[in-house]
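Colleague: Pulled these features from TrEMBL for this protein:
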type     : residues : note
TRANSMEM : 20-46    : transmembrane segment
DOMAIN   : 25-508   : domain 'Major facilitator superfamily (MFS) profile'
TRANSMEM : 101-120  : transmembrane segment
TRANSMEM : 164-191  : transmembrane segment
TRANSMEM : 214-233  : transmembrane segment
TRANSMEM : 349-367  : transmembrane segment
TRANSMEM : 373-392  : transmembrane segment
TRANSMEM : 404-423  : transmembrane segment
TRANSMEM : 443-464  : transmembrane segment
TRANSMEM : 485-504  : transmembrane segment
REGION   : 511-532  : region 'Disordered'
COMPBIAS : 514-523  : compositional bias 'Acidic residues'
Amino acid sequence: MAGDDNLKVLNALDVAKTQWYHFTAIIIAGMGFFTDAYDLFCISLVTKMLGRIYYHVDGSPKPGSLPPNVSAAVNGVALCGTLAGQLFFGWLGDKLGRKKVYGATLMLMCICSIASGLSFGRDAKTVMATLCFFRFWLGFGIGGDYPLSATIMSEYANKKTRGAFIAAVFAMQGFGILAGGIFAMIMSAVFQAKFKTPAYEVDPIGSTPPQADYLWRIILMVGALPALLTFYWRLKMPETARYTALVAKDAKQAAADMSKVLNMDIEVEQQKVAQIAQKKGSYGLFTKEFFSRHGLHLLGTTSTWFLLDIAFYSQNLFQKDIFSAIGWIPPAKTMNSIHEVFTIARAQTLIALCSTVPGYWVTVALIDVIGRFAIQIIGFFFMTVFMFALAFPYNHWTKPDNRIGFVVMYSLTFFFANFGPNATTFVVPAEIFPARLRSTCHGISAAAGKLGAIIGAFAFLYLAQNQDPAKAEAGYPAGIGVKNSLIVLGVINLLGLLFTFLVPESNGKSLEEMSGENDDLTEEASCNKTDQ
């Protein structure tokens, strides 16, 4: 629809030139995602150390490791919390407003991030129980950041560069993962220099000094710092004009807030807001009208995010085998507990530097050029191709001479996940639903993704086990093997490509055009003219 049908305050946002407040919003929202990624991924850096500290077995030829059920809980409880938080805070963001809820999610993340490192007690059961408790609530706060950050950024941005701005917020995840790896490397190097420690095979007890119990706690707790730095600015951000005008129905406040942000006078259109409110109050989430207008869109955003995260999170399962094969991570018994943290962090940092971060920022550069749909199709297509290319000749890739090729292919699947659906599935749900349901629908889409992540991280942990029970990892039943698991993942990526066709292209269009809210206003105006 024509821009004239929209409120002047929303038109002003749509056509505004890129200016300082855009970058401020990216930094404020992006630091939340920086923290999210740091907190979610740093646990993988210290789980080996937790096993050595709390599950050491005297006389064992290998260092202690977390039992499968404990490992699943420690690694997965934050994902479960994230899923719950996405649904709850997504709904709350539409009920109370984006700004009111935004500060609460950040504070919850900060408190629980610090508390994760203060896990109480000395015995394994108590430490793991309290760690899991605080990581669930940490995940709950992280979950709220997904719909709120995406919605706030989409409602502040202009039409021309909206995709890049939302994608830039999400891309801060890459820097969060990178920062987690770098900080863990620095701290483990400091501890290694300060506390000279022998390898496990030399001295099983001495390879894990008492000070190691501080290292993992420091790594987890530092995740609170970046979020705390932006907490004040989150509280100072005005509510988005789209929420204030279209949901709270306060045209005067919306115009006043955006006049300050844009440094221009904006006309108050209370009568027009009243017309919009009268028409738009007619349908909610669980209505026939919503499903006729947006049902397929919601199916498209939930299914693609769900399928992507199954593939994306399951890829992490193969990292330890790949890192070991190329010599990035030596056998555990040849290292002490502190050096093991260093080598795992170095491997994660290299993957982030070479494929994760570049993929995110290529998306930022191109999303408003070639569009969301094209990037998502390209991403799913090449993820499918590379997954099948790894799967069918899997025995070929396992030979020592071919391991470099395997790493290259594996890195490319990560690159095309990030220059592809991992970014676009976050962007699109913030653009295509009505303002009063935008945060809720984004939260539902994101929660579907986290459900896929839980399946990817844990179902495939069992599926990827060797088909021979004798060769499966300790504590796990026989599975279908890595080759067959990769084939299943290739099929999942192909399904993601097909479901992408349910998602509309939002490039260059206003949020009201995409959601149909301009249509509602035009119909109302037409009816008024007819009555006259």
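Quick reminder: no glycine exception, Cβ is built from N, Cα and C everywhere.
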Colleague: For the transmembrane segment (101-120), which stretch among 214-233, 349-367, 404-423 has the most Cβ pairs under 8 A?
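Modeller: Comparing 214-233, 349-367, 404-423: 214-233 has the most Cβ pairs near the transmembrane segment (101-120).
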Colleague: With CB pairs under 8 Å as the measure, which of the listed stretches 214-233, 349-367, 443-464 comes out on top against the transmembrane segment (164-191)?
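Modeller: Selected stretch: 349-367, with the most Cβ pairs under 8 Å.
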Colleague: Give the nonlocal contacts of the transmembrane segment (20-46) in its own chain as ranges (CB under 8 Å, at least six residues past its ends).
Modeller: 74-75, 78-79, 82, 105-106, 109, 113, 135, 138-139, 142, 145-146, 149, 152-153, 156-158, 161, 165, 168-177, 179-181, 184, 215-216, 219-220, 222-224, 226-227, 229-230, 233-234, 237, 261-262, 316, 341, 344-345, 348
Colleague: Where else in the chain does the transmembrane segment (404-423) make close Cβ contacts, counting only residues six or more beyond its ends and a cut-off under 8 Å?
Modeller: 167, 170-171, 174, 304-305, 308, 311-312, 315, 318, 322, 325-326, 351, 354-356, 358-360, 362-364, 366-367, 375-376, 378-380, 382-383, 386-387, 389-390, 397-398, 496, 500
Colleague: Assess whether the transmembrane segment (485-504) lies in contact with the transmembrane segment (373-392), where contact requires at least three Cβ pairs under 8 Å among residues 6 or more apart in sequence.
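Modeller: Since 3 or more Cβ pairs under 8 Å link them, the transmembrane segment (485-504) and the transmembrane segment (373-392) do come into contact.
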